[in-house]
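Here is what Swiss-Prot says about this protein:
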BINDING   40-47, 176-182, 201-205, 270-273, ALA326  GTP binding site
BINDING   SER47, THR182  Mg(2+) binding site
DOMAIN    32-353  domain 'G-alpha'
LIPID     GLY2  N-myristoyl glycine
LIPID     CYS4  S-palmitoyl cysteine
REGION    35-48  region 'G1 motif'
REGION    174-182  region 'G2 motif'
REGION    197-206  region 'G3 motif'
REGION    266-273  region 'G4 motif'
REGION    324-329  region 'G5 motif'
Amino acid sequence: MGLCQSAEDKELTLKSKAIDKEMMQNHMSQQKVVKLLLLGAGECGKSTVLKQMRILHDHGFTAEEAEQQKSVVFNNTLQAMTAILKGMEALRMTFDKPIRENDAKFVMESHKMLQEAKVFPEELANAIQALWNDKAVQQVIAKGNEFQMPESAPHFLSSLDRIKLPDYNPTEQDILLSRIKTTGIVEVKFQMKSVDFRVFDVGGQRSERKKWIHCFEDVNAIIFIAAISEYDQVLFEDETTNRMIESMRLFESICNSRWFINTSMILFLNKKDLFAEKIKRTSIKSAFPDYKGAQTYDESCRYIEEKFDGLNANPEKTIYMHQTCATDTDQVQMILDSVIDMIIQANLQGCGL
């Protein structure tokens, strides 16, 4: 009899907890807004993650918004070739075909052509494509870590046949890869599992960080994004500082800040696709001279994870790490679903459930 009563009590307790949990989720949906803060150094991929959240949970981009992105894509395409030409000069490389010098001069003087452009100018597109097909330009791209080459350069420059068409409309991938510097605060709102989320992206370059303080109050979780592929690159705003080291310094200050003692900390080691290619050519020793492991993806990535984890001064705080490719919508969806589930559970536990 006692055993039967115990089993009944257990079942009643489980039902009670399930009801409590459902009531709390309903309560959260009515009164609780979960605030997420996206942090990271400049060009780590925060804005791309935010765009993915819009695609996955906020109905994506309207036709009007896609149309507005055309000018960004046009400028990114021109900026990509301009950066490569500056890189060629810095590396003292010459064109395979000397006639390309005329195209280079034309491109470097063409920024005003895009100011009001509704269609990518044909003459400019032809010059960029001629340069893109030059063997020396392809060799410079392989040395992109030695100068400030946009990571989207190969995508946009190889897509000019499509981008220059009169009826061109940016694809989802074009929008994900397009970039303008984030200044101030960008917000995305969405609802998932009956919970309202507000996600903030703030400027990652040094001059923007003083503005982060306005986002700090009542933050439920931080998604810190570090570009794992940038271990051999320097900052845009300070070419004496390694990007990976800067990212680790920033992570340490955020992770151990008094503002975030009770805040869930999620680390996205982003651009894993670029890291996988780069590690075949260049060891992480450029950022970590003490590294003794093999020049492989798994071992190098594990070492970097341990480095970040070691920056956490609170033994009771767990850093939830994920290796990500922010431009891969399917992978981002899987990781974001896992992260959001974890955040919801953490909030329920915080309410005693």
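Positions of Cβ are set from backbone N, Cα and C atoms, glycine also.
Feature annotations (Swiss-Prot) mapped to structure.
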residue : record           : Cβ contacts under 8 Å, 6 or more apart
LEU176  : GTP binding site : THR48, LYS51, GLN52, ILE55, ALA326, THR327, THR329
ILE180  : GTP binding site : VAL72
ASN270  : GTP binding site : CYS44, GLY45, VAL49, ILE225, ALA226, ALA227, ILE228, THR324, CYS325, ALA326
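Cα spacing between VAL202 (GTP binding site) and SER47 (Mg(2+) binding site): 9 Å, rounded to the nearest whole number. GLY40 (GTP binding site) and SER47 (Mg(2+) binding site) have their C-alpha atoms 10 Å apart, to the nearest angstrom. Counting neighbouring Cβ atoms within 10 Å of each of the binding-site residues (CYS44, VAL202, ALA326), the lowest count belongs to VAL202. Within 10 Å of the Cβ of GLY40 (GTP binding site) there are 25 other Cβ atoms, across all protein chains. Under DSSP, LEU176 (GTP binding site) is assigned to a helix (H, G or I) in the three-state scheme.
Cβ-based neighbour count (10 Å, all protein chains) for SER47 (Mg(2+) binding site) stands at 22. For the region 'G5 motif' (324-329), the model gives a mean pLDDT of 93.
Panel annotation: around the region 'G4 motif' (266-273), residues 44-45, 49, 151, 221-230, 251, 301, 304-305, 308, 319-328, 335, 339, 342 of the same chain, lying at least six beyond its termini, place a Cβ under 8 Å from a Cβ of the stretch. Residues 42-43, 46-48, 51-52, 55, 61, 66, 69, 72-73, 76, 150, 152, 155-156, 159, 163, 201-205, 208, 326-327, 329 of the same chain sit 6 or more residues outside the region 'G2 motif' (174-182) yet have a Cβ under 8 Å from a Cβ within it. Across the region 'G4 motif' (266-273), DSSP assigns 2 helix, 5 strand, 1 coil.
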